[in-house]
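Feature annotation from TrEMBL assigns domain 'Palmitoyltransferase DHHC' to 103-229. TrEMBL lists 12-35, 47-68, 137-159, 196-222 with the feature transmembrane segment.
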Amino acid sequence: MLVLRLLNVVAPAYFLCISLVTFVLQIFVFIPSMFRDPSTTQLFSPALLHGALFLFLSANALGNYVLVIQSSPEDLGKDLNLGKGAELADWLDGSRSPGSALPSTHFCRLCARVTQRHDHHCFFTGNCIGSRNMRNFIMFCLYTSLACLDSLVAGMAYISATLSMSFADPLAFLTLLPHSISQFFSGALLSSEMFVILMLYLWLGIGLACAGFCCHQMLLILRGQTRYQVRKGMVVRARPWRENLQEVFGKKWLLGLLIPVQNVESSYRRQKEK
């Protein structure tokens, strides 16, 4: 439990640190290097277009990140007057079988709350993911993966211009890291350039992880399931996929794709699942 609580603090700090480093590299390194191209006009230069795109993706990623933290799932323990003694222990060991009365009910030890429609505990936000913040969590994963992809492309363009190398060969990116490490220790590569190369692989890993997690969550939503239900082997009532999507994203789903807003329409009010 101590390790999980430590991870609950370290993971958000790690994400915010990576976000800050990415912002600094984009604004002070990548974008200024794009202005050096004399063949483009200043009004529609790639630097301005890329900067606007990066700010849009970053604002949505960080905005939804904040909304995931603010929109915590409801604490059903307060409504059911569950204390921290024997009654709460019954919930923990499953002797009271809360799922028979409240489907997908789960007690999170880290958040110290009993929530319905629980999906999982996200360490990078330090919060549980449930009905109130599921849409913001998916938008957070989506825009984080897009921001990492945008930074990856900009970083590759910067390295290509700085080191006079081409990424036309698919193997060039795979061999970039070991080749750069050997050059760095031999003194032929600057530490700043080595740092950018390391960030390229970090953006690739984070982007692929967030994209995969986003696709997995969307698949569960289409089925009307949560990760907690799948892990526990719970059977859910079959419903049309359109209803499942509307339950999470609401009717004004397009607004949530453009700006980070809290989804007040989704409620996850269901009848007892058998």
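Including glycine, each Cβ sits where the backbone N, Cα and C put it.
Unlike curated entries, TrEMBL annotations are predicted automatically.
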Contact set of the transmembrane segment (137-159) with the rest of its chain, CB cutoff 8 A exclusive, min separation 6+ beyond the ends, reads 22, 25-26, 29-31, 33-34, 50, 53-54, 57-58, 60-61, 64-65, 68, 122, 125, 129, 165, 167, 173, 176, 193, 196-197, 199-200, 203-204, 206-208, 210-211, 213-214, 217-218, 221, 248, 256-257, 260
Sort out the residues at least 6 away from either end of the transmembrane segment (47-68), same chain, that have Cβ-Cβ distances under 8 Å to it, and list them. 15, 19, 22-23, 26-27, 30-32, 34-35, 122, 125, 127, 129, 133, 136-137, 139-140, 143-144, 146-147, 150-151, 154, 258-262
Across the whole of the domain 'Palmitoyltransferase DHHC' (103-229), what does the mean pLDDT come to? Round it, please. 91
